[in-house]
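Structure record follows, encoded as structure tokens.
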Amino acid sequence: MSNANINAVFYADTYHPIQAGSIDGTDTLPHDNAVYRAVLCSAAGLYDPFGDPKVIGDPYCTVFVGRLSRFTDEETLRKAMSKYGTVKNLRLVRHIVTGASRGYAFVEYETEREMRRAYEDAHHSLIDDYEVIVDYYRQHLMPGWIPRRLGGGLGGKKESGQLRFGGRERPFRAPLRPIPYADLQRLGIPPPPEGRYMSRFQVPSPPWCRSSHADIDDSPARQRSRDKEEPTHRRHKRSADRDDSSRKHHKHREHSHQRKKRSTSRDYDFLDH
């Protein structure tokens, strides 16, 4: 790893409990009991991400809002999140017995565009003087997801003994030691994406809904966002591919024109005879 990439980071596209417990995504053994529980839960298929009857709405239009004040209520949260679009549904998670806020909520917007606006602009905003975090709805959209109560999740504090990496708040660091590819493959752990590291100033993009992706993926704004996320050498390669395709198309048109010209010439020769 060169000195220029020491501060590079990458984010998890899929969830693996052992990888999430690693600062650089290359661990091959659980380092705490929570990771071990999450591995067992994942291997036995004990967690059903779609099993919560309280979950409603479109996950592609929903954001997770965490680190809320325990005194923030639904009305205050709705007012704060309405700055980014029309709030369709809002669920502030409360304790099943006491009814007290658990400090996090799920907010569904009318459109995916509004959800992405909140994802980008509401992150680290202040609600009731608390700096909140905003993320996409990983429970349904991140393959292999295991929640924090089962030893998984992302983020956390060092003091809690359950620190997790790979998410928006605490991404993986680019490995400084040789990557154990064989061990990672044996355990089914995704290896670090060589050549696709990002800086901490870039915003990782949430998963796109297939139906809306075709409509807005090629918009100028999305193209600029994609260029920011994509390494320079890949943008150059994509640009070169477009230039090559354009040259092939132009060459094909020239050949077609020449064939048509020769055919017309033969027709005239036939008439002269």
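Including glycine, each Cβ sits where the backbone N, Cα and C put it.
Feature annotation from TrEMBL assigns compositional bias 'Basic and acidic residues' to 156-172, 212-232, 264-273. Residues or ranges marked as compositional bias 'Basic residues' in TrEMBL: 247-263. TrEMBL lists 61-139 with the feature domain 'RRM'. Positions annotated as region 'Disordered' by TrEMBL: 151-273.
Break the compositional bias 'Basic and acidic residues' (156-172) down by DSSP state and the numbers are 3 helix, 2 strand, 12 coil. Taken through DSSP, the domain 'RRM' (61-139) splits into 24 helix, 30 strand, 25 coil.
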